[in-house]
Amino acid sequence: MSDHRPAVTARAPAKVNLLLQVGPVRDDGFHDLVTVFQAVSVHEDVTATPAADWGLTVEAAGGADVSGVPLDGSNLALRAARLLAERAGVDEPVHLHVRKEVPVAGGMAGGSADAAAALVACDALWQLRTGLDGLATLGAELGSDVPFGLHGRTAVGTGRGEQLVPVLTRGSFHWVFVLDPAGLSTPRVFAECDRRRGPGWGPPPADVRLEAVEAALRGGDAEALAAALSNDLAEAACALAPQLTRTLAAGRAAGALAAVVSGSGPTVALLTASAASAQDVVAELVPVVGQGRLRTASGPVPGARVLEALAPGGQ
Ligand code: C5P
């Protein structure tokens, strides 16, 4: 037993997709993507504590509604911890406590961030030193967005989103996120996208849209980035959640440089010119959607990392 070992807390970020190009459905049911992820300062904190048996508790932070989060073995954080234990030959159950700030089923990869944080916390607790690449390989088995939760910052994602190449960026970008209480199922949004396109859809082209996003990021140019943001899942998300069309329009009317659906939605991401203008956009939107649905954040931020780890003996 290792009950004398202290708890370890790791933090992982949410993401927004700056570009999301969706190809045809593959034989394995996934879609090939060309995407650009940016990690933003909305976080999940996962604390791993040695315990007699595997377990999980969830706490809401910043007004997140956690009622839809599974607490059993299907929870992605718990699956991540058990997968790491199995592969590393560790027989030391942990209790995971998840502090959730990222909206559930919101298109910001909150569940993937939980898995990423759980991998990093358990790796530190069990002193495995698996390394980022090893954890990302395990993470890809758990979900397409988990490797990005580990890497963080800004990256181009291909394959099903799990193959990552970092992108050079200058400065910070400032976002307002408009949460939607409805939640959207990612598989449903992809299926609706397929349905709307019909058969014979070609692979996502590596076209000028990616170059435009990369150039805007390199230059730290929020206006150019605003012009380059796009999401192939937006139409499908708006078809399944028609209120999103109004939210996107309200965001633009409130002074955002651009409004896009975040991933598969229903969270709407508003890119603003500065931290101050993000606050102005929030002030405009409070009477429209209510304070409780608004979050400000900036990106890029780092991927999953240990917040506190006291080694045995306090080293
Ligand atoms: O990988 P993840 O578990 O996040 O994916 C959830 C679902 O989203 C998949 O089962 C699939 O229906 C859809 N998906 C997809 N193509 C991707 C990523 C996700 O079709 N590249």
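Any Cβ shown, glycine's included, is placed from N, Cα and C.
Under the heading active site, TrEMBL lists LYS15, ASP145. What TrEMBL lists as ATP binding site is PRO103, VAL104, ALA105, GLY106, GLY107, MET108, ALA109, GLY110, GLY111, SER112, ALA113. Taken from TrEMBL, the feature domain 'GHMP kinase N-terminal' covers 75-152. The domain 'GHMP kinase C-terminal' annotation in TrEMBL covers 215-285.
Taking the features listed in TrEMBL, we show where each one sits on the structure.
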| residue | record | Cβ within 10 Å |
| --- | --- | --- |
| LYS15 | active site | 34 |
| PRO103 | ATP binding site | 26 |
| ALA105 | ATP binding site | 20 |
| GLY107 | ATP binding site | 29 |
| ALA109 | ATP binding site | 31 |
| GLY111 | ATP binding site | 27 |
| ALA113 | ATP binding site | 35 |
| ASP145 | active site | 28 |
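Considering only the recorded positions ALA109, GLY111, ASP145, the residues lying within 10 A of LYS15 (active site) on a C-alpha to C-alpha basis are ALA109, ASP145.
Apart from the site residues PRO103, VAL104, ALA105, GLY106, GLY107, MET108, ALA109, GLY110, GLY111, SER112, ALA113, the chain places the Cβ of ALA14, VAL102 no farther than 8 Å from the centroid of the site's Cβ atoms, the recorded ATP location.
GLY111 (ATP binding site) carries a helical DSSP state (H, G or I). Rounded to the nearest whole angstrom, the C-alpha distance between ALA105 (ATP binding site) and ASP145 (active site) is 13.
Under the three-state DSSP scheme, PRO103 (ATP binding site) falls in the coil class.
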